[in-house]
Amino acid sequence: GILSIEQLISRVGVIGVTLMALLSGFGAVNCPYTYMSYFLRNVTDADILALERRLLQTMDMIISKKKRIAVAHRTMFQRGEVHNKPTGFWGMIKSVTTSVSGSENLSLIQQEVDALEELSRQLFLETADLHATKERIEYSKTFQGKYFNFLGYFFSIYCVWKIFMATINIVFDRVGKTDPVTRGIEITVNYLGIQFDVKFWSQHISFILVGIIIVTSIRGLLITLTKFFYAISSSKSSNVIVLLLAQIMGMYFVSSVLLIRMSMPPEYRIIITEVLGEL
């Protein structure tokens with residue numbers, strides 16, 4: 001029926017899985033780019049000092065030109081006070097030509113100031129970017145930075161493998177019968193030839209992996225949505241944004257439950273399928 005749980009979850013799941021795909025695609029590109037030292041450009045203290053020196057020189061030029069404009073305005077004001085009204089025909093012509101040439105010079109200087117201010121903004125942003133890159137380089141040398149760098153390589157390879165396998169599954173209409181943890185343990189045990197209880201450990205490792213996936217994915221979703229809502233929120237739209245956040249979280253959670261079935265052993269996968277329906 002229309003109001004059955006299969007119909008409702010299937011419609012919510014379509015939107016939620018699409019949302020997860022978009023966020024996963026963004027995360028798959030942004031996370032390695034953020035944490036892997038391979039993507040860090042080499043920034044030295046000399047580069048930062050040179051850019052800061054250019055920024056200070058630009059600020060000095062802006063100050064000097066604004067000072068010239070202020071002095072010119074004061075001179076014109078004082079000249080207007082001393083010579084209240086020009087007398088005679090030649091006095092009128094002299095005052096008109098002087099004011100026109102002075103205004104042209106002031107407008108030209110003001111255009112130069114506007115261009116220098118735009119240049120100073122760009123230099124400031126570039127300086128801040130260099131400082132941030134320098135901090136990332138220092139962070140990458142720490143133990144935690146090396147750990148994240150290793151995870152960046154590992155999950156990049158894992159992401160490429162998932163894309164490859166997902167493409168094969170779509171083209172050949174295949175459904176995985178074995179979860180990745182059990183399959184990985186079986187390959188390792190067979191390769192090393194050691195005695196290992198695959199069924200027992202695969203259950204525990206699968207549930208731990210599923211828990212990590214749920215926590216990290218929802219945390220990443222909240223962080224991403226918070227940045228987005230900070231950029232667009234206002235006092236008038238706060239209630240609408242909170243409602244939209246609740247809707248997205250609901251769809252995201254339902255979609256997570258739907259997709260996490262593939263990371264669980266078959267006997268537990270059947271339980272979730274019975275609850276959600278044959279989706």
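Positions of Cβ are set from backbone N, Cα and C atoms, glycine also.
Summarising the annotation, TrEMBL assigns domain 'Golgi pH regulator conserved' to 4-69. As annotated by TrEMBL, domain 'Abscisic acid G-protein coupled receptor-like' applies to 139-278. Taken from TrEMBL, the feature transmembrane segment applies to 12-35, 150-172, 207-232, 238-260.
Relative to the transmembrane segment (238-260), the listed stretch 12-35 leads the set 12-35, 150-172, 207-232 in CB pairs under 8 A. Away from its own ends, the transmembrane segment (12-35) comes close to residues 145, 148-149, 151-153, 155-156, 159, 217, 220-221, 224, 248, 250-256, 258-259, 279 of its chain (Cβ-Cβ under 8 Å, at least six residues beyond either end). Counting residues 6+ beyond its ends, the transmembrane segment (150-172) has Cβ neighbours under 8 Å at 28, 31-32, 35-36 in the same chain.
Across the domain 'Golgi pH regulator conserved' (4-69), DSSP classifies residues as 59 helix, 0 strand, 7 coil.
Secondary structure counts, DSSP: the domain 'Abscisic acid G-protein coupled receptor-like' (139-278) has 117 helix, 0 strand, 23 coil. Taken together, the residues of the domain 'Golgi pH regulator conserved' (4-69) have an average pLDDT of 84.
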